[in-house]
Amino acid sequence: MAKQMVIGNWKLHGSIGQLKSVLGEVAQAKLDANVGVCVPTPYIMLAKQILQHTHVQCGAQDVSQYHIGPYTGEVSSGMLADVGCEMVIVGHSERRRLFGETTEQAGVKLRSVLDAGLFGVYCVGESAEERRQGNAEKVVATQLEVLRGLPIGLFAVAYEPSWAVGSGVVASGAQISPMHVLIKEHLDERVKVLYGGSVKSGNAAEILAVDHVDGVLVGGAALSAFEFVEICKAAR
Ligand code: PEP
């Protein structure tokens, strides 16, 4: 089996100094392939430079659904590819919840990411209320609809229940595993399915040992070189 993936999401955190410090340490750790760091867009070229002699890939956290034109403030997949970006997170729960991004928009974004030759990390997941009402599976299945027909292998799906993101609450193996099976059944058993939601060095090995988990998407803990490297070491 290919090594599990570990992808860090820096969200709206960081500075030139913090990147040099954290990614400088990550660069020293001699990590295997299948590790990525998605930093704020202005820092992608710096991250590439710091990580240039490593296997660690650099990514973005969002992208425009448009290719080119009068869309002030937007950044296209082609531009990201141009600066050496290798992967893009699409449809993160914070984009959906705080910025009103729809599943349809996320689907268009993912297509633009793949068209630009970048790897996509498409996030799905239910809210606490949706899970309480017994709708978690239905919500995730609906979010997967826009992936139909896309080439498997060029993107991963991250199952990130929004109640577990940044909350310190981790989904249990009994919640994670069946959802990963559902995602694979809807798409293809070969699609990589990552779990995200309060992953830290202390729980990474347990989460990565859950059946059908092909890796993790890490938010807060990716800002600490020690935490991030420990999580990467737990990948099998
Ligand atoms: C995320 O940002 O995708 C995430 C899972 O955050 P955290 O690890 O902080 O819960």
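For all residues, glycine too, the Cβ spot is worked out from N, Cα and C.
Take the substrate site that TrEMBL assigns to Asn9, Trp10, Lys11, Ser198, Gly219, Gly220: the candidate from Gly36, Gly149, Gly153, Gly166 listed for it is Gly166. When the binding-site residues Asn9, Ser198 are scored by other C-beta atoms within 10 Å, Asn9 scores highest. Counting other CB atoms no more than 10 Å from each candidate's CB, the binding-site residues Gly166, Gly219, Gly220 peak at Gly219.
Ranking the recorded positions Lys11, His92 by how many other Cβ atoms lie within 10 angstroms of each Cβ puts Lys11 at the bottom.
Sequence-distant neighbours of Glu160 (active site, proton acceptor) (same chain, 6+ residues apart, CB-CB distance under 8 A): His92, Ser93, Cys123, Val124, Gly125, Tyr195, Gly196, Gly197, Leu217. Listed in sequence order, the residues Val165, Val218, Ala221, Ala222, Leu223 complete the 8 Å Cβ shell around the substrate site centroid, once Asn9, Trp10, Lys11, Gly166, Ser198, Gly219, Gly220 themselves are left out. According to DSSP, Asn9 (substrate binding site) is assigned to a strand segment.
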